[in-house]
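Asks: Starting off with a structure, shown below.
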Amino acid sequence: MANLDRKGTFKVEYLQEIEKHVQERWEQEKIYEVEAPDEPCEKFMCTFPYPYMNGRLHLGHTFSLSKCEFAVRYFRLKGRRVLFPFGFHCTGMPIKACADKLKREMELYGCPPNFPNEDFTEEKEEKEDLVPKDKSKGKKSKAVAKTGAAKYQWQIMRSIGVPEEEIKEFANESYWLEYFPPLAVADLKRMGLHVDWRRKFITTDANPFYDSFIRWQFYHLKERNKIMYGKRYTIFSPLDKQPCMDHDRSTGEGAGPQEYTLIKMEVLQPLPDVLKVFNGKPVSFVAATLRPETMYGQTNCWVHPEIKYVAFETVKDGIFICTKRAVRNMCYQGFTKNDGQFEILLEIVGQQLLGIALKSPFTCYPKIYALPMLTIKEDKGTGIVTSVPSDSPDDYAAMVDLQKKLAFREKYGIADDMILPYKPVPILEIPEFGNLAAVNLYDKLKIQSQNDKDKLTQAKEMVYLKGFYDGVLLVGEYKGSKIQDVKKKIQTRLIEDGGAVVYYEPEKTIMSRSGDECVVALCNQWYLDYGDEEWTVQAEKALAAMNTYHDEVRKNFQTTLRWLHEYACSRTYGLGTKLPWDPQWVIESLSDSTIYNAYYTIAHFIQGDTFRGNAENALKIKPEQMTIDVWDYIFFKDAPFPKSTKIPKKSLDLMKKSFQFWYPVDLRTSGKDLIQNHLTYYIYNHCAIWDKEEDKWPKGVRANGHLMLNSAKMSKSEGNFLTLSESLDKFSADAMRLTLADAGDSVEDANFVENTADAAILRLFTFIGWVKEIIATEASFRLGDYNFHDKVFLSEINTKINQTDENYNKLLFKEALKTGFFELQAARDKYRELCSEAGMHYELVTHYIVTQAKLILPICPHVAEHVWELVGNKESILHERWPVADKVDEAAVKASNYLMEAAHSFRIYLKNHCAVKKPKKGEAPKPEPKPNKAIIWVAKEFPKWQHIILSTLKQLNGLSGLPDNKIISTKLAEIPELKKYMKRVMPFVQATRENMERVGADALSVALPFDEAAVVTDNLQYLLHTLDLDSIEVRHTDSDGAPEKSREECAPGSPHVTFASEPRARVTLLNPAPRSGLFAAALALADGDSVARLKAKLVKEVKAIKEVNSLKIWRYKDPVLGPRKIPVIGDYVTKCVALDNASVFKVDVDKDAVELVHNGTNINVGLQLLYTYE
């Protein structure tokens, strides 16, 4: 687990206490329990692939299921009747294999076991060969990530939090089914999941109702000829003696059988001494290739001098020479007499095979030789590689090395005539690279040898992809054809001519949960015929009507539908449902999990609120009563009522009504790695079961990327791992949920950052505290008509309602969080800042709080509910509806945004103005006096040359935006009025282009939708406050005395400011109250300042003063002696006079004298005053 240390836990505990209270309330109110209504209404059903119950749920699970959670709460707010059900998967090998492994450990090492003193070993991630990547495939095995470095099952159980004394119980696979599902429910409830838990269940025949449902499904699949029996290539575990599907693997999830063309390179007679034992039999070196079309260009074959090779006899093709690993695959594919068995006739080191003469199909050379290559890998292919230097950068680099380096040839006994006469053969024409693509790129990239791995990898990427899609064959029967059109035909011709056979091996190393390296086997098995053309057309039709939310997801589905063929749907080992017609087989885990969403719609009627369905249910139905006819009646719209059933029609009608209302599934969310299997099978099976009811087919699938933790892969072995339970303990439910929403929306990998979660705790805690403060200080707020800032804030609230609604509807939760929380809070903070003088409007602030609660409800429901209660609501916020946005005053919002941008630019001007100027040589730097006065210059219109540019750009702006700068420059150069400004034209164009990226086409407008000078003038108090000035004057740039720089830099929407520093008198204000915490303040006083103005300065200086109305300023009756007398507590009332707000100060800076003008009389007040605050 990730480090749980934190300095303080008060805030997170505060949030957790709120969550506990809110969840108890929801539980009591049964707020998530929902039934199909009697009257038609809009509904929303979403599901998440039920998690596998061999451990605790982790943050990766939580990220994917959070998409369902956020969506269901949003659509409930939108007025739909919603259902988010949840089940738990126990089918397959993993639980059974782990239980058996634990049993063996206890038999070998005792209980508790005393293991040998060995270091733990870590699984190392395999580096994949260069092939076009399917981005939907995950790279790291879930099993490895979850179990970490633990070697023994006992250690794994301990690492996932199982108490030591309880581990022995897990040797019984049934115990897993009892132990983990309740823990998962408890964790998910703590998260606040919007789930109707009455519908929970586990899979396998341990749950007789679900078992019956799956048998019903497979009965119909077989009846409809979707399930076949026969030999098919499949991933197979020799140790387990059965197919090894995705969920049965510890590494290699997502990998399938990879088809190769096995090229037979016959050893020429007479056989060399090392192979004399095979005289009279054909002997072939065999090389596995993915590019049979390049065999026309073979110049040699490659052998690794140090790899061990073996010779074995095949059934039809004589003696094959390859690696032992390859033979292990071949013996399960009909190459040997006995399936799964092979006899090694000879073991040979690669060095002994070098220089052997061969005859290879399709090559123009009558004889080629086996030559050394040191980069061949033993764990891929056969260990023997065909060499096509015209189109393989690796082959050409190795060929050049061998031809150039005599010492290299001599080391391995390679005669000159074996390599020097051979030249690359042009066989493919590839656009950009010519007919010797590898040779051209070798020269272009300046590759030096076969050790330039990075450059060779780059060259391979360029050649292989371009060659497949755009390459045209220059030789052979299919000369002139594109490679992608004839690749299969060339393979077929090679096989028909006896020069090749088909060979399969796993796409990458696959380890079963039993610790066995898998092979590809040609097995007799029951399989789902996903390659059936009619079925695939149905699936494509369903996909076309589905919302996939991302184009890449749709493309990955389309790719999967193209390559998916037969899929083994049963095994002989593991937990699950037995095939109804052949009970020696158990239905595997990716096949009993395709249409179970339908089971959710009726599960609460028959499960009896238990995982196993082993308690009496509400309808008093028994599992044996759920016959094929009964299931048909429930799930098929036009199925007749079963005549032989004893179940009351009313009960079955209730279930039928529930299914008909909730189906189809509106949204299914999942990790992207399930597109290639589970999610595609999900589509196929819905099309098969409801082939006559297309309205039951899935409506939407949203796939997300994997979740990283703190920018690194989640890994227990590396200590970068969090379970759901740990996350809830560390961050609270809502802070975790907020961080999950913020982690990412795309199919790329998302990132859960713990610092973001900590910041979320603070933000939520602060928001609740602020709401409490607002309620407590209600009397201090404004009421009555809305002012300009009120109207702007209301418009911004309405804007955020609309934007957040759109983002939630598109399931863009990171964006919804941004608009509905971060940006809405920023708008509140801006409003609060702009209203610092006049105060905020209470009704508007309350409206904001209510709106904010609703907008964050899908993501942070506990905080939303708590805030909803704080503002006095009795009924749960979950019964509320999405807020309705009023009309947005766009002009007012733009004016407000203009004000904030202008203030920001003024602050930058001020900072530059106050910066210490670089002194002349020999002079000390002189600090610039702090300005206290400013003139803000605004322009009525753009300078003529800028006006012309904007008008031209408006004409050029199209649907795709502005053309490139070259076109714009050419157009503007034709305008005579711009000749003298040409050096400034393009910088202005670029600035306008950047402005368009922020505000859109408004950047091209030559007029503003508001009175710029009026906006500035009306907000002088805010500008005085933010710039810390005493006075500001607003003037137009066409008035007398405007500086040239202001005239040049000023344009509508881009005001300019000049600062000045006028002398001021400094007065000291003391607070006479003892131990008040109100300190003395020295303030600058300008001629003409009012007492109200002085109070405002004091409030800004002394932060403890919150209410200016409770502040009084006093002058001494005797301004000379008064300040010098020893003060007595409370005597200021007799020694001083309180000043009226309207009174004005007359200041003579030269004489350092301050007078008060009151009722036409000037009164000397001296330089020391008093202030009191009650």
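Placed from the backbone N, Cα and C atoms, the Cβ positions cover glycine too.
Features from TrEMBL:
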- 22-101: domain 'Aminoacyl-tRNA synthetase class Ia' (DOMAIN)
- 120-140: region 'Disordered' (REGION)
- 179-751: domain 'Aminoacyl-tRNA synthetase class Ia' (DOMAIN)
- 790-907: domain 'Methionyl/Valyl/Leucyl/Isoleucyl-tRNA synthetase anticodon-binding' (DOMAIN)
- 938-1008: domain 'Leucine--tRNA ligase RagD-binding' (DOMAIN)
- 1037-1050: compositional bias 'Basic and acidic residues' (COMPBIAS)
- 1037-1057: region 'Disordered' (REGION)
- 1062-1173: domain 'Leucine--tRNA ligase ubiquitin-like' (DOMAIN)
Asks: Tell me, roughly as an integer, the mean pLDDT over the domain 'Leucine--tRNA ligase RagD-binding' (938-1008).
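Replies: Value for the domain 'Leucine--tRNA ligase RagD-binding' (938-1008), mean pLDDT as a whole number: 86.
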Asks: Count the residues of the domain 'Leucine--tRNA ligase ubiquitin-like' (1062-1173) that DSSP assigns to helix (H, G, I), to strand (E, B) and to coil, and report the three numbers in that order.
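Replies: Across the domain 'Leucine--tRNA ligase ubiquitin-like' (1062-1173), the residues distribute as 21 helix, 42 strand, 49 coil.
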Asks: Go ahead and report the DSSP secondary structure tallies for the domain 'Leucine--tRNA ligase RagD-binding' (938-1008): helix first, then strand, then coil.
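Replies: Helix/strand/coil tally for the domain 'Leucine--tRNA ligase RagD-binding' (938-1008): 51 helix, 3 strand, 17 coil.
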Asks: By DSSP assignment, list the helix, strand and coil residue numbers for the compositional bias 'Basic and acidic residues' (1037-1050), in that order.
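Replies: Residue counts for the compositional bias 'Basic and acidic residues' (1037-1050) by secondary structure: 6 helix, 0 strand, 8 coil.
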